């Protein structure tokens, strides 16, 4: 089966492993009031998708759509910190493409989450990473020390196979460097967010 056609939850990290509970993950779970307070949202916000929860090895990235103003500071901070240059297209956190950017540019179609809808998105650090599986030279590997899947820029040939294979198209090839990049869980996006639309909550602070 083409990896893009596989169900998203089959590809992503199982929330069972992260939460150490049985049954469904955060998106379908009745969350304890104390944890909801920590996440800064209500149960109905999670159920409706207004609040997004992206599980990573280091913690949960909480995205609150209603708080996002589309200022792009998260993307700017990400690329400045990781690349030494500023560019929203090759940012590891994705905001711009989720507004009204279609496949062929501005105004050509709805964003991934609907028109006029800012939604932060980034790498899920998949348990079975399709980006890593399809890389023809093995430039994408799991790094135990960093706790994430990374791209070795010395080996990357910029073929974009990783982007095509990812169901969310998260790995992005920088058109200037010709190298692919993806989230390394540095947290700069959340640090730069002026409205609290992005938060990273470490697993040690989450109990269920």
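Backbone N, Cα and C atoms are what each Cβ position is placed from, and that goes for glycine too.
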Besides 156, 159, 162, which of 135, 183 does Swiss-Prot list for that [4Fe-4S] cluster 4 site?
135
Can you find which of 68, 71, 78 Swiss-Prot lists as binding [4Fe-4S] cluster 2 at the same site as 183, 186, 189?
78
Rank the binding-site residues 123, 156 by the number of other Cβ atoms within 10 Å of each Cβ and report the first-ranked residue.
123
How big is the gap, in Å, between the Cα of residue 135 ([4Fe-4S] cluster 4 binding site) and that of residue 123 ([4Fe-4S] cluster 3 binding site), rounded to a whole number?
16
If you count, for each of the binding-site residues 68, 183, the other Cβ atoms lying within 10 Å of its Cβ, which residue has the minimum?
68
Report the residues of the chain - excluding 68, 71, 74, 193 - with C-beta within 8 Å of the mean position of the site's C-beta atoms, for the recorded [4Fe-4S] cluster 1 site, in sequence order.
69, 70, 72, 73, 95, 118, 120, 189, 192, 194, 195, 197, 198
